[in-house]
Amino acid sequence: MARDKEKRKSLALVRTQTMERAQGNAAPIEFRTLSIHVTETHRSGKNGGMPAYGKEREAKPSRFWKGKSKEDVLVTETDFFSTVDFHKLSESEVNLRFNSDPTSGLTQPEADRRLKANGLNTLESPKPNYFKMILGYTFGGFCSILWVGVITFLICWQPPLSPTPNVTNLALAILVLFVIILQASFSAFQDFSTAKVMSSILDMIPADCHVIRDGQLVKIPASGLVVGDRVHLSLGNKVPADLRLLQASSDTRFDRAVLTGESEAIEASTTATDDNFLESKNIAFMGTHVVQGSCVGVVILKGNDTLMGRINKLTTGRKPKKTIIQREITRFIQIIIALTVSLILIITIAWLAWLHPVYPDFMNLATLLVTLMGCVIAFIPEGVPVCISLTLLMIARRMRENDILPKALSTVETLGCVNVICSDKTGTLTENKMHISNVAFLDYESTPSEVAANIAKGLQSVNQLPQPSDDHLSLSLRQLQLATLLCNNAKFDPETMKLPLAERKVLGDATDSALLRFAHQVSDTSALAPSFERTFEIPFNSRNKWMMTAHQGSRTNPQVIKTLFGSNIMDANNTAANEKDDMLVFVKGAPDVLLPYCSSFWSATTKNGPQPLTPDWAAELTRIQQTWSRGGKRVLMLCKGRYSPYLAQHNLSMAGSSTSNAIQEELTRQGLQELCILGLVGIMDPPRAEIKDTIRACRGAGARFFMVTGDFGLTATAIAKQIGLFSTEREPHTYENIMDPTLSKSSQGYGKAHFDDASSLQQAEVGRPRFREGTSLVLTGSDLAKMSPGEWDIVCAYEEIVFARTSPEQKLRIVTEFQHRDGVVAVTGDGVNDAPALKAADVGVAVVSGSDVAIEAADLILLGGFDAIPEAIRLGRLAFQNLQKVIGYLLPAGSWSEVWPVLINVFLGAPLSLSSFLMVIVCCFTDAFPCTALVMEQEEFDLLSLQPRNSKKEHLITLKIYAQSYFFIGNTMTFFCNMFFFLYLKEYTGVGFSDLVFTFGNLPEKKLADRGITLEEFNGYYVNTAQCVCFVTLVILQWGNILSVRNRRMSVLQADPFRKQRRNLWLFLGILASFLVAVLVTETPGIQEIMLTNSVPIKYWLLPLPCALFIIIADDVRKLIVRVFPRSFLARIAW
């Protein structure tokens, strides 16, 4: 048993690692792992009996999870699913086990009782570990080292380190604790905003279902389902719980991509098709979709007990991938903490090796600890996390104003780095409003409006039914109309039938919807459609790539089918099949797929009807197809054939099989024999009106724009040319050009910027590949399957690419291949099949009208037009630009200018020019208000004219920003602040810089005595006042800094905060707030007494103002030099 258990663990680990390398959705990984486990368990012969599953008993997986590893959980779930036997039960056994009546379902009182006993049918999201979250908020980032400051100040508050209780140290501990709480609150608020957005997104997804209660079909919320409910599903419905199917139409298909990651729909069955519960086709799993047909099933598992619920448990432990901005913030925090720790070590070593032995009275242990914590407070810009959160919050709000809904604030900035956009075609680049634009027989081409006119012209009957005397062209067009109407699984929503045809809602896929609208557009079908009865059907699937239906005449109007298709077509009045009567077969599919089965075509101009399909006519068909495809139309061919029930009975009896599969095989064999081509239809899906400008804007922003579609290459190429994705009319490259680059050289000339061979790729800067500008490429799914890594290197260098006929797995591979080559990939899509790629992309973008699976997988939701994408990129770049400005504003005063007083105090022995309390006030209050106004800045220049940021080299905080913030602005501020500190002492005490430097506590008592000042007065009043002078100076100098830092290249005169384009009056409100805080800190008696501050003479409020102006002028001169001499040394080091 232990060996089997370990074997299952190993198998799960290998499979999971393999799937994880594909970077797909977590659900397919876990589904496959569980399925393989269950299959292996069955093969080992260890099938257990399923415990009695009464009407009130439900699986309770939660008890298995506590204290167990993931591998143990996988084994537990395997054991559960290997013993489930719902799929093997007969219909009567299912009804008996769940006490569900086959006709009346559950009674409402019984359903209410079960709901009360077992809870709602909902997936419980993992309950947040609030204790762990609070720990993360309060001890993460800068808070971890600030806690050291709190503890240190508390230690130094009371003896033995402090001879008497030091209230100032206690107040500092409380203040730093307040800063920690402030930062934690903003982090919590950011997570709360994300959770609120996620909740609003989930509210977009409808959650109702139809069930039988008390014998009536009623609509209830899916959360109100209970085990034993009989659920009715139809086309387009989402399965609300795990169901055992009891009834299903022959065409019922489920899309299980959300679970399996596989695009091919699974046909439904009412009997078990596999011993494995997870693979049996008579089980409909929660979260999957009905893509064809209709069915009825009984709820067997609900909520957390479902397969989806259990997989949800398995995937909750997965850590979400960090966004680029999260990595940048982490890097910034690590750099600052590393510098802080280094500075602490330097000061500690200096104290131990030199300062304490030589000057024992200058700095005792308590003073050292307070000094070190002052160094920590000085070097860490405590306001950065708060301002980063505010910046992202404001940009996210602007995005919402532009109909872009980001799920998480941290995703906002990633858009600015995007250099590859992979977009689905249908519903994303196009409107997903397909319509028939062209109709053709091989000898006659027309349009829908002409078809309608010709049908009306040729009708002889008042009741709109075809008559033998009708015009031949009219009868031919009626045949084509019937093929589009009857070989079709779409239907109008009954609730919209009273609306005009164009406004009716259609339940079905886009292609069938277009055919249905065409059939109703060209003439009234209300009398025509009931004249035909569908007897058999083979739905479309990705293997056959065609759909087939068989029909006979109705009992009431048997003559219609005979008039149009021949007198030997069966009708419902026939009691027994005979060898002379056939059923009518319609087949629709791609021309290249059906053409090998065709032997004739219907002539619209020759009254003899069917004509032999000669090579010349086959060439004509190909010409029509290619002409339409080059016009961006999808081409479908409609054919008719015959099916003989008499012959089928004979063949089936000879084979000794009459199962549904055998009947379907016989229908396929007969139906595809000697087909007659009725005609072709060209389906147009118009591009979105804004898509051309969107692609142009994205390319102008340096992001390559690719199409990834399941459509045919010719059609996709035509659409690409229409929307500007292909910029030239010349033929694009294909896989042959990739295999043999000499074809490219011989067929087309390239400029110097183009690759001559794959080795050129290695010479390109990492993250800045040299693209094949002006060249386009079309690849199909079959091409992708053959490509080597070297060929992918060449492909990833193209500027314009269409990936056609791709599967979801191939879409995922496209994303990962570009990511492996330093691409920051955005994927846009709206379908279920797009979900794996959306999840794996750096930014997944879903359309709000898309599937709920796509919405759940995406990072951004487009609430409006597709033209919001460039605006989202612009705002993402603005977020990064503003974050750099925020940091550039905070570092000079909040870090550099505050650490120098500590260094001067320790190594030069002069008094501390800025107290720890004032340092905290600068970082978290006086700097925070103007900084918040900086968040409101507009773009300085067109951000879409820039190339995408290389996230591996162009970091949020760079050496250039450090140089600007520390060595230029920071040193200027440091000089002025300390100058006014010593200037005040010189003016009021007669002791200047030269008298205080290298004193190490041995102050010039004689000079002080000459002024009548004692040492206690000097240290207790004048130094404290001078510190406030330094503080006020720093606050005012920051006013100049913020007016300067808001423009990276432009002068303050060119982009002042008053004119409309760059108006930001919030700056002055922030400056006023910082001034009021400075007054509050220096003038409030309570603060003066506890925090040792004093009033600042009015003179020292005015003297820093010209110094702030000097900072503006000096930086404007630097910007001027950068603009005039862009290759100068200053320009190269400019941030």
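Start at 1 and count along the chain as shown; that gives each residue its number.
Backbone N, Cα and C define each Cβ position, glycine as well.
What TrEMBL says about this protein:
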DOMAIN    85-158  domain 'Cation-transporting P-type ATPase N-terminal'
TRANSMEM  134-155  transmembrane segment
TRANSMEM  167-189  transmembrane segment
TRANSMEM  332-354  transmembrane segment
TRANSMEM  366-395  transmembrane segment
TRANSMEM  957-985  transmembrane segment
TRANSMEM  1021-1043  transmembrane segment
TRANSMEM  1064-1081  transmembrane segment
TRANSMEM  1101-1117  transmembrane segment
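Stretch with the most C-beta contacts under 8 angstroms to the transmembrane segment (1064-1081), considering only 134-155, 332-354, 1021-1043, 1101-1117: 1021-1043. Note: the domain 'Cation-transporting P-type ATPase N-terminal' (85-158) comprises 45 helix, 3 strand, 26 coil (DSSP; helix = H, G, I, strand = E, B). Looking at which of 167-189, 332-354, 366-395, 957-985, 1101-1117 has the most CB pairs under 8 Å to the transmembrane segment (134-155), the answer is the stretch 167-189. Using a Cβ-Cβ cut-off under 8 Å and counting only residues 6 or more beyond its ends in the same chain, the transmembrane segment (167-189) has close neighbours at 133-134, 136-138, 140-143, 146-147, 149-150, 153-154, 156-157, 370, 373, 377, 382, 385-386, 389-390, 916-917, 920, 923-924, 1090-1092.
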